[in-house]
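According to TrEMBL, the protein has these features:
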| type | residues | note |
| --- | --- | --- |
| SIGNAL | 1-19 | signal peptide |
| DOMAIN | 35-122 | domain 'Inhibitor I9' |
| DOMAIN | 148-602 | domain 'Peptidase S8/S53' |
| ACT_SITE | Asp156 | active site, charge relay system |
| ACT_SITE | His229 | active site, charge relay system |
| DOMAIN | 387-477 | domain 'PA' |
| ACT_SITE | Ser561 | active site, charge relay system |
| DOMAIN | 676-774 | domain 'Subtilisin-like protease fibronectin type-III' |
Amino acid sequence: MAGILMMKHLFFFVSICLAINLAISTSNIPNTKKTYIIQMDKWAKPDVFIDHVKWYSSLVKSVLASTPEKDSTVDEEEERLLYTYQTAFHGVSAHLSEEEVKKLQQQHGVLAVFPETKYQLHTTRSPLFLGLDRDDSSKLWSDRLSDHNVIVGVLDTGIWPESPSFNDTGMTGVPAHWKGACETGRGFEKHHCSKKIVGARVFYRGYEAASGKINERDEYKSARDQDGHGTHTAGTVAGSLVRGANLLGYAYGTARGMAPGARVAAYKVCWVGGCFSSDILSAVDQAVADGVNVLSISLGGGVSSYNRDSLSIAAFGAMEKGVFVSCSAGNGGPDPISLTNVSPWITTVGASTMDRDFPATVKLGTGKIVTGASLYKGRTNLSTQKQYPLIYLGNNSSSPMPSSLCLEGTLNGATVAGKIVICDRGISPRVQKGQVVKEAGGVGMILTNTASNGEELVADSHLLPAIAVGEMAGRAIKHYASARNATATLRFLGTKLGVRPSPVVAAFSSRGPNVLTLEILKPDMVAPGVNILAAWTGALGPSSLPIDQRRTNFNILSGTSMSCPHVSGIAALLKARHPDWSPAAIKSALMTTAYVHDNTYKSLKDASSATPSTPYDHGAGHINPRKAVDPGLIYDIAAQDYFEFLCTQELSPSQLMVFGKFSNRTCHHSLANPGDLNYPAISAVFPEDSKVSVLTLHRTVTNVGSPVSSYHVRVSLFKGAVVKVEPARLNFTSKHQKLSYKVTLETKSRQKAPEFGSLIWKDGIHKVRSPVVITWLASL
């Protein structure tokens, strides 16, 4: 992509504008109270305080402004103090005015202050597709049921404990290292925790401070999940084996999570109005203290600098404690620079398709048949022997209209009654468009993709006969509908397996590059995230619409929210198989064994364009868990190495302290540039200065395969640079031996767009593959 530098400048400009707007909007109301997260220097606690909680409370009390009527009371102090953080993060969150925050920033021991940030959710065939339920997979993964000792913390909307996916029959006792709790509340009692659901906690103080008290009649103020998202992600991570799983007959088969023997700890951080950073931070902090081994976080809140991102800082603390953190990349694709959760110590997961589809057809009055996708299963079906009037309420321009989008209140019953209505995708939820058509008297809907969705088909459990079609087919159908007396009918064909090509990178999956640091390639990998069957809440129908009275044990959803728990579950398997592996080692195994071809043996494709995808779309490639268990070599990264990376990021000493103070880390300046971080992907960035024509990057690999082994290197050819690897052969004589190599890149001719390739170490058994990206920054 040309103009990387321009994009960085644009990002900076937008960030400044947002900051200015925020400052303007808040400066007019200085006494308005908001939630702030205050990071503290744990070691700065004065001896007069018996513990950190007392110190934090005293600090907050010292800045509370007194009102003319009365001084601050103890109750007000407790109400203003939301959380204290003591494990993955150190500090407190409190409800403060701007004036109080300014006072607090002057206090001894305060490292940084972060305003509350609102996050959003990034909304089973996959085990078989990933090779996890073949006959020999139990031999490959199981080691005396050690996977039963791995606990995955799922930060989401809670859990529906009655789901058959959380059956604990045959499971051993709860692991001794677990220190968590089973918090009770409406609809959630102690007995809802089990050997499978080992813990459940809720975090809502930040949400209530921003949005008001939770209405407990409408929403469970407990770990019980009425949204379904958290149950679905937890089931994907570690759901027990359930035979005969299906959604209204679709996707019938045996459902199981990626790590069916692992335990789940549910941390409910998301509510009807969203997910707030103070709650998320408290959940991460508590989960690490509780003893989770893996954190699965399918949510995001935009990109801010490393030292201003509280989730990034907390994830750094979790990584220091040996916890693997997996996050969704976001659903902002196919736009470039749409990623969230880009820190190198976080595993960032994009979404891809599987080889399963749910075909449905549109038969036009001309006899032409167009194939789409649907999960419709209702009492009312359109006759395939009859044609129904077809209508499109747009003008066939590239810009959809409110009526063509089928937004609420835009359809006239007299116009659409008895007809199949064509609706453009966008603005409102897909299933809601169908409900709008149904309420207006329409008998069916054809949901057409726009250019941004391309030909990717996401199936939905509609409340009326409805089919989703790709952009090109949608354009043709709309053109036909402009003729007089246009007609159509809809037919639903069930479940189809063996779809080719697959996998394909989902159009909605957020894309790179990583605008914070081009040298750190993101996303890290892709995993199944389209039309995923997993456990579902009993409080909501499969369409998630309040009017939907259907209830199912399973539902089919799409999003990077679904791909993230695939990686979290496989990380749990790897942790069980290799208890001594660090989070970086697990990530390396997943990245270097990922594949970049589909089941037709061609390069992975991008669903939005039907052209080959790049590492900015798929990262290192599509996960391959059967290979990841024995990767041969790993690129390990210690916490100090990640800190050395931060030392290259032009952060001030006080900004670096937010990562380094707890462990008293200091910069040793061991990395010449950020590209020298021992990352499993290689991204070389030539600066604007054309005089810089040579770059050298360094890597160290650890042998986790045969003690005596010899690897030789293969590297892609590039138009713009000559790439040389020294040494070209690595000879190992023992297990866990480390050997280093350097990659020298010399520019032949500066390219306007990045170039993509790979570097592969081979020993005859293993192929340890790193994606390579070369970028030449252009001057503006």
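Every residue gets a Cβ built from N, Cα and C, even glycine.
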What are the DSSP helix/strand/coil residue counts across the domain 'Inhibitor I9' (35-122)? 30 helix, 29 strand, 29 coil
Using DSSP, what is the helix/strand/coil residue split across the domain 'Subtilisin-like protease fibronectin type-III' (676-774)? 1 helix, 58 strand, 40 coil
Could you list the residues of the same chain, at least six apart in sequence, whose Cβ is under 8 A from the Cβ of Asp156 (active site, charge relay system)? Leu121, Asp225, His229, Gly230, Thr233, Ala234, Ala266, Tyr267, Lys268, Val269, Cys270, Ser296, Ser298, Leu299
Count of other CB atoms lying within 10 Å of the CB belonging to Ser561 (active site, charge relay system): 30
Given the model, what does the mean pLDDT over the domain 'Subtilisin-like protease fibronectin type-III' (676-774) come out as? 97
DSSP-wise, what's the residue breakdown of the domain 'PA' (387-477) into helix, strand and coil? 21 helix, 21 strand, 49 coil
At a 10 Å cut-off from the C-beta of His229 (active site, charge relay system), count the other C-beta atoms across all protein chains. 25
